Amino acid sequence: MKRYKVVLLSGDGIGPEISEISITILKKLSKKYGFNLDIKEEYFGGIAYEKHNDPAPKETLDQCKASDAVLLACVGDVKYDTLPRELRPESGLLKLREALNLFANIRPVKIRKSLLDSSSFKKEVIENVDLIVVRELIGGIYFGQPRGEITQTKIKKAFNTMVYDSNEIERITEVAIKIANQRSKKICSVDKSNVLEVSQLWRDTVSLVASKENDLALSNMYVDNAAMQLVKDPGQFDVILTSNLFGDILSDLAAMITGSIGMLPSASLSNSGPGVFEPVHGSAPDIAGKNIANPIAMALSTSMMLKIGLNEIEAADDIEIAIDNVLSKGYRTSDLDNGNCQVLSCSEIGEKIIQEI
């Protein structure tokens with residue numbers, strides 16, 4: 001019987017609530033499909049700072065490195081915003097990405113037919129949307145050096161560096177090509193090459209790598225136009241390839257196509273070693289403990305972990321089917337309420353999904 005080691009980072013806010021549902025799902029699937037899961041929970045984010053004065057303790061990172069996959073819920077809380085930057089929960093995410101060399105972030109954006117009425121977009125605009133954002137994750141302006149703050153007399157100055165080398169761009173392009181070859185063989189690379197030298201290198205490198213592929217359709221788009229096109233006609237996109245900063249922004253914009261950011265999973269991957277699978281949404285401390293959070297993005301992230309991280313394809317598909325069945329029966333959490341459905345709590349919608357497996 002196959003055995004997998006999974007590290008759970010339930011984190012902060014609504015994290016423990018949505019994690020509990022995913023763990024129950026995993027336990028049921030492991031029995032159904034005949035594999036063993038060794039699930040070890042570790043401190044991460046704000047809770048890790050409270051316990052260890054570090055949002056990403058060495059023990060946690062070591063356990064993640066030794067695992068087959070990492071399942072992460074969410075981190076953060078406004079109460080940590082006054083801490084030094086390196087102690088904030090969000091800094092833990094950057095440390096985790098660096099420690100595991102997670103250079104590729106994969107965010108699928110797919111509209112479920114039963115949720116067409118829950119989106120703020122018109123039905124005819126989004127009904128065929130099925131795209132993937134491939135975002136470079138450990139380069140660009142979030143990691144570039146030098147960075148910092150300077151005080152000159154009474155004037156404060158802050159600066160960051162947006163930097164990529166051709167190797168970083170090549171490897172993320174290869175990930176996008178691999179995904180595109182399994183889909184429509186169509187990639188839209190997003191940059192700002194009309195004003196940024198780093199974006200010109202991005203465009204040149206992506207074009208060079210893509211030119212070696214047969215039957216691959218590559219287009220280029222400036223990021224401001226890409227944002228407009230995602231709202232105007234999101235169905236035109238299949239695989240969007242972009243840098244760290246632009247991907248962060250565009251993927252959240254694309255999230256609203258689905259009706260709620262509570263519907264979007266993601267995977268962060270390296271060339272070797274474990275990936276991290278997490279919902280796109282934040283920790284939502286304002287609703288933590290109220291049992292009203294949407295656990296579906298976490299469940300879909302669990303599905304991605306099974307499919308990509310553990311190669312348990314049937315088990316992964318089982319989650320997707322269960323979620324579609326629950327939604328098609330009119331069950332929703334409050335963030336998806338369109339006035340014509342049965343609103344359930346976080347635990348209730350989780351139980352419905354578990355029953356469908």
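Even glycines carry a Cβ here, placed using N, Cα and C.
As annotated by Swiss-Prot, substrate binding site applies to Arg97, Arg107, Arg135, Asp224. DSSP assigns Asp224 (substrate binding site) to a helix.
Annotated Mg(2+) binding site per Swiss-Prot: Asp224, Asp248, Asp252, in sequence order, evidence recorded as sequence analysis. Asp248 (Mg(2+) binding site) carries a helical DSSP state (H, G or I).
In the structure as shown, the Cβ atom of Asn294 (NAD(+) binding site) sits within 10 Å of 25 other Cβ atoms. Summarising the annotation, Swiss-Prot assigns NAD(+) binding site to Gly282, Ser283, Ala284, Pro285, Asp286, Ile287, Ala288, Gly289, Lys290, Asn291, Ile292, Ala293, Asn294 and lists sequence analysis as the type of evidence.
According to Swiss-Prot, the site 'Important for catalysis' annotation covers Tyr142 (among others), on the basis of sequence analysis. There are 18 other CB atoms within 10 A of the CB of Tyr142 (site 'Important for catalysis'), with all protein chains counted.
In the three-state DSSP scheme, Lys192 (site 'Important for catalysis') falls into the coil class. With a 10 A radius on its CB, Lys192 (site 'Important for catalysis') counts 20 other CB atoms from all the protein chains. The site 'Important for catalysis' annotation in Swiss-Prot covers Lys192 (among others) and rests on sequence analysis.
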Q) Taking the Cα atoms as reference points, how far is Gly282 (NAD(+) binding site) from Arg135 (substrate binding site) in Å? A) 18
Q) Per the record, NAD(+) is bound by Gly282, Ser283, Ala284, Pro285, Asp286, Ile287, Ala288, Gly289, Lys290, Asn291, Ile292, Ala293, Asn294: how many Å separate the farthest pair of Cα atoms? A) 16
(Q) Show me the subset of Asp248, Asp286, Ala288, Lys290, Ile292 whose Cα is within 10 Å of Asp224 (substrate binding site); these are the binding-site residues I mean. (A) none
Q) How many neighbouring Cβ atoms, not counting its own, are there within 10 Å of the Cβ of Asp248 (Mg(2+) binding site)? A) 17
**Q.** Under 8 Å by Cβ from Ile292 (NAD(+) binding site), same chain, sequence gap 6 or more
**A.** Thr333, Ser334, Ser345, Cys346
**Q.** Close in space, distant in sequence - Arg135 (substrate binding site), Cβ under 8 Å, 6 or more apart
**A.** Ala104, Asn105, Ile106, Arg107, Thr242, Ser243, Asn244, Phe246, Gly247, Asp248, Ser251
